[in-house]
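Student: The following block contains the structure, expressed as structure tokens.
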């Protein structure tokens, strides 16, 4: 069994925030692969079904970002899901907008959701890093991630979510690099090759 966890904050107030792109991506996967309706369990919203012939649990923790690990750990423990079968979809300041990278293990890059999961579960889970760019100054990060995507950003956000949904079977099949490459080619074909964060700030 596999666990796809999207990171974000619960409730309509945060639904459109840049910090919630992980929620958006996992919701797109659930819709694309017709998993079950969302229900409340494991301190979050869950949906179940099959992707590429394997059982998948989708989870959106409702603990708020800083406590995401509680929900992920509870679900993983209940279903005995090993770390190598856990994929965490999250916003990534250190990637330009519309870039997707996948890696197993590594640091948390200041991301409180990842920090919580690592503390609760260990480090060797997969991160699906969804680039949102950087506002240009550390002092601006908090307001940047907790603001909604602007109208000019919505096309690439939708394309990123589509890529995650369409190519999710590659993650299930143990082909993380293939997922990343196919997502890159898809986003490139859509014209999202050099997207800048709103305001022209850096995206390193």
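Keep in mind that glycine also has a Cβ here, set from the backbone N, Cα and C atoms.
Feature annotation from Swiss-Prot assigns active site, proton acceptor to 19; the stated evidence is sequence analysis. Residues annotated as tRNA binding site in Swiss-Prot: 14, 64, 66, 112. For 9, the entry in Swiss-Prot reads site 'Discriminates between blocked and unblocked aminoacyl-tRNA'. The annotation site 'Stabilizes the basic form of H active site to accept a proton' is assigned in Swiss-Prot to 91 on the grounds of sequence analysis.
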Student: Could you give the maximum C-alpha to C-alpha distance in Å for the residues 14, 64, 66, 112 that bind tRNA per the record?
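Tutor: Answer in Å: the longest Cα-Cα distance is 16.
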Student: In sequence order, which residues at least six apart in the same chain have a CB under 8 Å from the CB of residue 64 (tRNA binding site)?
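Tutor: Result: 9, 10.
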Student: I'd like the Cβ neighbour count for residue 9 (site 'Discriminates between blocked and unblocked aminoacyl-tRNA'), meaning other Cβ atoms within 10 Å of its Cβ, all protein chains included.
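Tutor: Excluding its own Cβ, the number within 10 Å is 21.
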Student: Please work out which residue of 66, 112 has the most C-beta neighbours within 10 angstroms of its C-beta, and give that one of the binding-site residues.
Tutor: 112
Student: At 10 angstroms around each C-beta, which of the recorded positions 14, 19, 91 has the fewest other C-beta atoms nearby?
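Tutor: Among the recorded positions 14, 19, 91, the lowest count of other Cβ atoms within 10 Å belongs to 14.
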Student: Distance check, please: Cα of residue 66 (tRNA binding site) against Cα of residue 19 (active site, proton acceptor), rounded to an integer number of angstrom.
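Tutor: With distance taken Cα to Cα, residue 19 (active site, proton acceptor) is 12 Å from residue 66 (tRNA binding site).
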Student: Between the Cα atoms of residue 14 (tRNA binding site) and residue 91 (site 'Stabilizes the basic form of H active site to accept a proton'), what distance do you get, rounded to the nearest Å?
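Tutor: Taking the Cα atoms only, residue 14 (tRNA binding site) lies 14 Å from residue 91 (site 'Stabilizes the basic form of H active site to accept a proton').
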Student: Cβ within 8 Å of the tRNA site's Cβ centroid: which residues qualify beyond 14, 64, 66, 112?
Tutor: 9, 19, 63, 65, 67, 68, 113
Student: Between residue 19 (active site, proton acceptor) and residue 91 (site 'Stabilizes the basic form of H active site to accept a proton'), how many Å separate their Cα atoms?
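Tutor: That separation, Cα to Cα, works out to 6 Å.
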Student: Determine, from DSSP, whether the residue listed as 'active site, proton acceptor' sits in helix, strand or coil.
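Tutor: In three-state terms, the residue listed as 'active site, proton acceptor' counts as helix.
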Student: Can you tell me how far the Cα of residue 91 (site 'Stabilizes the basic form of H active site to accept a proton') sits from the Cα of residue 112 (tRNA binding site), in Å?
Tutor: 11
